[in-house]
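Per TrEMBL, domain 'DUF112' is recorded for B:20-438. Summarising the annotation, TrEMBL assigns transmembrane segment to B:33-53, B:109-135, B:147-163, B:170-186, B:355-378, B:390-409, B:430-447, B:467-488.
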């Protein structure tokens with residue numbers, strides 16, 4: 001960390017960590033609620049399918065309280081500043097692949113992911129990386145779908161072969 | 001001796017031409033992927049799992065053995081030539097190995113790492129072969145209560161004993177356990193936490209989770225880091241062979257590292273990095289040239305690297321004999337077994353001895369292949385190291401999604417990959433360890449089953465859980481694993497524990 005040696009100003013409540021604590025508490029409540037509403041089969045054994053979820057929900061709740069305590073004291077490790085646009089490229093690439101996979105097939109969808117990831121790490125231009133990604137993804141599709149009989153969704157490009 | 005006969009039979013299986021071919025493919029792929037910076041053995045195994053989907057169980061597990069050992073070798077190459085270790089267990093190797101490479105002694109550093117790994121792998125695999133039947137015979141007498149206690153112990157050592165915060169370790173474990181709840185309950189057929197979504201009924205795939213946390217999470221966090229890491233590949237100058245002095249200074253650390261690493265890996269105590277740190281400090285104290293430590297001492301490469309590999313083989317002891325994964329890598333390997341409907345544990349030794357002993361024998365074969373392949377091919381590995389970051393991560397994500405799509409070609413599965421990837425980024429950003437999440441997901445449902453079996457046998461009486469001396473000792477150890485580090489941290493000795501924090505393993 002670049003500023004690791006500087007003395008800390010003062011320990012302030014860590015808001016992001018408080019959000020984590022809240023999220024843990026919400027998950028605990030969702031588990032407990034979902035388990036309580038599970039329906040009939042649940043009750044016939046004393047130690048049935050509901051016991052473990054309740055234990056975990058309770059544990060998560062305790063952990064949420066502890067996390068909130070640590071967050072209020074500002075005891076979480078220091079974090080570096082983050083650069084968000086590159087992350088958005090990668091997340092966008094993954095989302096595009098997920099949404100397009102069924103319609104355009106493995107190669108094109110994965111090629112887009114490839115190009116978007118490279119763009120996230122600062123490599124462009126897209127008119128060069130997209131075709132490159134599609135060619136690579138097609139080669140992978142060919143090896144795995146034809147050679148190893150893995151079920152990879154086919155699109156217009158794959159159906160040519 | 002029975003073990004010899006079984007091992008010899010295993011060797012016959014492993015030496016069949018087709019199995020030799022699988023092992024060769026496994027070690028080559030494992031090394032190639034393991035060498036890539038940012039990819040540790042856990043991700044190597046998870047990424048290469050789809051390659052084995054269509055093989056028969058024996059062939060697939062043999063290839064797996066090769067991938068596992070190859071990934072370990074690849075990691076050490078990365079940490080010597082590039083100062084960013086691909087796996088946490090290689091951090092120590094990077095300390096001295098990278099200094100040696102900078103001083104133009106990269107060749108001998110790679111050689112001592114490779115030969116040390118070979119010797120450690122050989123001894124530890126033989127150790128595995130001899131210790132396994134013995135543990136199996138004890139484990140056969142274990143009831144559900146003992147298994148449950150054993151799993152609680154594994155939970156605690158994996159999550160709370162090491163790292164810089166027991167709270168964050170336990171939270172990571174609880175996240176894994178929560179994910180493990182999702183899906184159909186094995187004993188009653190009751191759907192839990194599925195919220196009416198059919199894709200969730202089968203539960204969460206360990207490989208999807210592991211690939212998301214390790215590959216997608218890592219890619220996001222590297223992309224988001226502002227301060228670019230300095231990455232300088234040290235060229236391998238001169239001969240890769242070790243001179244007489246190198247040999248003289250290496251052989252004892254190899255053996256000591258093996259002696260330290262194997263027991264630590266074999267105990268349900270988590271990552272390989274503990275052994276490497278211990279070995280490093282032992283070598284530092286025993287060396288005749290203390291002035292070289294910190295400037296490229298060959299003992300500091302030889303010992304930890306042997307410890308690393310010995311403990312990797314040691315991890316297979318609880319995995320194969322008890323079905324207990326103690327590292328993220330072992331958790332993924334367990335998932336690999338399960339895809340063939342095989343449940344590692346004492347019964348696997350009884351019902352499927354050919355498979356188990358074939359696997360152990362192919363570890364030996366893989367080890368031989370690696371020492372033959374690795375040094376001559378060093379030029380190739382160096383070229384893999386110099387792949388620019390943007391192509392590297394674009395390729396990693398391509399293969400990460402390939403594995404997920406190959407296992408289950410649905411958009412929902414990819415959505416989970418993305419969601420868990422974002423979670424992995426969050427875990428990294430806030431200093432949560434990753435391994436407990438993966439181990440919790442696979443071990444949680446197993447622990448629940450044992451708990452319910454134990455309570456069903458006792459007709460609901462919870463004292464059955466502390467009904468035998470073995471169970472009591474295991475549970476006490478589990479408590480110690482949480483409480484002792486807390487005391488150490490409170491007394492300001494937490495630094496050592498934080499250093500032992502495992503990210504990958």
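Even glycines carry a Cβ here, placed using N, Cα and C.
Please treat TrEMBL annotations as automatic predictions, because they have not gone through curation.
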Candidate ranges B:109-135, B:147-163, B:390-409, B:467-488 - greatest C-beta contact count to the transmembrane segment (B:170-186) (under 8 angstroms): B:147-163
Interface check, the transmembrane segment (B:467-488) with the transmembrane segment (B:355-378), three or more C-beta pairs under 8 A: no
Contact between the transmembrane segment (B:390-409) and the transmembrane segment (B:33-53) (3 or more Cβ pairs under 8 Å, separation 6+): yes
Distal contacts, the transmembrane segment (B:147-163) - CB-CB under 8 A, six or more residues away: 169-170, 172-173, 268-271, 274, 318, 322, 324-327, 433, 435-436, 439-440, 443, 446-447, 450-451, 454, 465, 470-472, 474-475, 477-479, 481-482, 484-485, 497-498, 500-502
Reported mean pLDDT - the domain 'DUF112' (B:20-438): 84
